[in-house]
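In what follows, a structure is listed as structure tokens, so that the remarks can point back to it.
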Amino acid sequence: MRVVLLGPPGVGKGTQGRRLAAERGWALISTGEMLREAAARRTPLGLEAQRRMDRGLLVPDDVMIELVRGRLGQPDAARGFVLDGFPRTVPQAEALERMLAERGKPLDAVVCLAIPEMRLVHRLTARRECPVCKRAYNLESAPPRDGRHCDDHPTVELVQRADDAEETVRRRLEVYRELTGPTVEHFRARGRLTEVDADGTPDDVHRRLAGALGGRASVRSG
Ligand code: AMP
């Protein structure tokens, strides 16, 4: 299947996308992750993206569209994919629909993860990730076992993403309302949108998401 996950920053797109992709053997295409990797490699794209990310602003549409076009052309994406973080604007949505139509492989589902907005700032500022495997934690709702290190990499200390500082979080939420809100409406107006309640534990949300996509959720222990 080809699935888009929409929803505000901090709603759990990364966590849910990663789990869904691993479970179903689909490629996980996270544009934020791709940009952070490019920034770590200090490529020209990465450095420019970093400046915008640090301010909570979006990277220009044409840059993002070409990045995703290239990624969708890679062989693993042919088995199906979950897009996390793209499209974030109406022009990105239109470009995505055009590029998939050209390949005769339209989207199967566009899912919006929804949560009351007041929950988000809190969720984002308490968010931490493993710098090695990128597994996401939340110091309040989903802490690591020892409170500091990744469960899968016990010597690696969790870090906060630079753009999860409170002021940047508020800017990212504003940008979401202004630019990504209309993207959600774009899909809703076409009868393409499925909404999933994302207020709950990662397991709860995974079950709802898997139900919305058809198929059973795997049950995780621990
Ligand atoms: P994320 O990890 O999805 O929260 O993305 C982190 C940052 O990367 C965003 O705040 C943007 O600056 C940038 N970014 C990621 N995806 C896109 C996109 N589709 N369009 C524009 N900017 C993006």
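Each Cβ is built from the backbone N, Cα and C atoms, and glycine gets one as well.
For the ATP site, TrEMBL gives GLY10, VAL11, GLY12, LYS13, GLY14, THR15, ARG127; the one candidate out of GLY191, GLY200, GLY211 that the record lists there too is GLY200. The AMP site recorded in TrEMBL comprises THR31, ARG36, LEU57, LEU58, VAL59, GLY85, PHE86, PRO87, ARG88, GLN92, ARG161 together with one of ARG24, ARG103, ARG170, ARG172, namely ARG172. When the C-alpha distances from THR31 (AMP binding site) to the binding-site residues VAL11, GLY14, THR15, ARG127 are tabulated, the minimum falls on GLY14. VAL59 (AMP binding site) carries neither a helix nor a strand DSSP state and counts as coil. Ligand 1 lies under 6 Å from the Cβ of THR31, VAL59, PHE86, ARG88, out of the binding-site residues LYS13, THR31, VAL59, PHE86, ARG88, ARG161. Sorting the binding-site residues VAL11, LEU57, VAL59 by the number of other Cβ atoms within 10 Å puts VAL11 first.
The secondary structure of ARG161 (AMP binding site), as reduced to three states from DSSP, is coil rather than helix or strand.
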